[in-house]
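J.: Taken from TrEMBL, the feature domain 'Potassium channel' covers 95-156, 194-268. The feature N-linked glycosylation site is assigned by TrEMBL to 95. Per TrEMBL, transmembrane segment is recorded for 21-44, 135-157, 178-203, 215-232, 244-264.
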């Protein structure tokens, strides 16, 4: 009997805090997913990193053997300066000296990566004034960009998702969740074709050292605003029409970001995903529950008020009663027999 009561109480506890248990499972799943990614990246990339380190040591050793007049300390100092400049997008190679990082089109491309929070990292401000302006520009520009993108996506959603879904479901009498699911799938396929596959083919033909996978990788990393910066278009030697090319990439990034937000918002409005999200959210207080609480408080307050009024009324009635004098008791003889 005690075991049955304990199991029932445990079941009631789990049922009453179902969203909390789902949330804890979500946190655990996210941590496991992070660990899974770390294990895979480490197992895949670590051998390549070790191989590259060994190749660099071999090249450095052969270089010092061929140039005995150069000490290892001087070479280390030179390489440190070169790598530091490379981190700011400045290269000492002859084939890269003609590309400027801070002309107007390159600066426009940099501004778009800052405001969209893509941040490739291949170019960074060199001066203190540029760094300070970048902070102020980002503090004001990122919320402005979010407001701009929200307004644009809200208007596009009306014509790209809500009206077509409503029209098809009403015109042919189909289930609205089914129509929304099919529409979201077709929209995702169209967006992937126009902003991933086709641009990847274009980049692989324009960039000399990029294959299709690397171009597709750049498109995904850019439009998902990850922006690792290992692949940046328009930085190769003697890039034809580099100025126009940079402007075109800027337009592509902004349009692609808007399209990605439209696709994500379309999927977020699916009834299936709304049901899934509600599993992990805290339950909102229902109007019936609030009404019941208010009624309970009102009844309690009314009862206390009635009780206070009744007490006050009894006190008032007691005060208004006429005074009745009690006659003194006297002995028959007129004198008190106890008094001598």
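Placed from the backbone N, Cα and C atoms, the Cβ positions cover glycine too.
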J.: Cβ under 8 Å to the transmembrane segment (244-264), counting only same-chain residues 6 or more beyond its ends: which ones?
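T.: For the transmembrane segment (244-264), the sequence-distant neighbours (Cβ-Cβ under 8 Å, at least 6 residues beyond its ends) are 105-106, 108-109, 112-113, 116, 118, 149, 152-153, 156-157, 160-161, 184, 187-188, 191, 194-195, 199, 206, 219, 222-225, 233-234.
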J.: What average pLDDT does the predicted model assign to the domain 'Potassium channel' (95-156)?
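T.: It averages 88.
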J.: Helix, strand, coil: count each for the residues of the domain 'Potassium channel' (95-156), based on DSSP.
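T.: DSSP classes over the domain 'Potassium channel' (95-156) add up to 43 helix, 0 strand, 19 coil.
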J.: Near the transmembrane segment (215-232), which same-chain residues lie under 8 Å Cβ to Cβ, leaving out any that are not at least 6 residues past its ends?
T.: 113, 116-122, 195-197, 199-204, 207, 253, 256-257, 260
